[in-house]
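Enquirer: Here it is, the structure, as structure tokens.
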Amino acid sequence: NECIRKWLSCVDRKNDCCEGLECYKRRHSFEVCVPIPGFCLVKWKQCDGRERDCCPGLECWKRSGNKSSVCAPIT
């Protein structure tokens, strides 16, 4: 089962949000995966669709071929 990405519904799947996200019930709306405050993706963690979630000093690096993007040191 793939993890649920940021801002997508996590109704009935509260524990399936991707790393650094938590299921949050929005007022007048359904539950969605939202970023945990202060959380960031460390070096070499996958950052597809989460380009701004890499820790300070890292940037989301698109690897060649069909590989997923990862947080890598800013060169």
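First residue shown is number 1, and so on along the chain.
Just so it is clear, glycine is given a Cβ too, placed from its N, Cα and C backbone atoms.
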Enquirer: Of the candidates Cys17, Cys18, Cys54, Cys55, which does Swiss-Prot name as forming a disulfide with Cys33?
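Expert: As annotated by Swiss-Prot, the paired cysteine is Cys17.
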Enquirer: Choose one of Cys47, Cys55: the cysteine that Swiss-Prot connects to Cys40 by a disulfide bond.
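Expert: Answer per the record: Cys55.
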Enquirer: In Swiss-Prot, Cys3 sits in a disulfide bond; tell me which of Cys18, Cys23 is on the other end.
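Expert: According to the record, the bonded cysteine is Cys18.
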Enquirer: Just to verify a number: CA distance, Cys3 (disulfide bond) to Cys60 (disulfide bond), in angstrom, no decimals.
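Expert: Here the two Cα atoms are 19 Å apart.
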Enquirer: For Cys55 (disulfide bond) and Cys17 (disulfide bond), determine the Cα separation and express it in whole Å.
Expert: 19
Enquirer: Cα within 10 Å of Cys23 (disulfide bond): which of the disulfide-bonded residues Cys17, Cys54, Cys60 qualify?
Expert: Cys17
Enquirer: Cα distance, Cys40 (disulfide bond) to Cys10 (disulfide bond), nearest Å?
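Expert: The separation of the Cα atoms works out to 20 Å.
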Enquirer: Looking only at Cys17, Cys18, Cys40, which of these disulfide-bonded residues has the biggest number of Cβ atoms within 10 Å around its Cβ?
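Expert: When each Cβ's neighbours within 10 Å are tallied, Cys17 tops the list.
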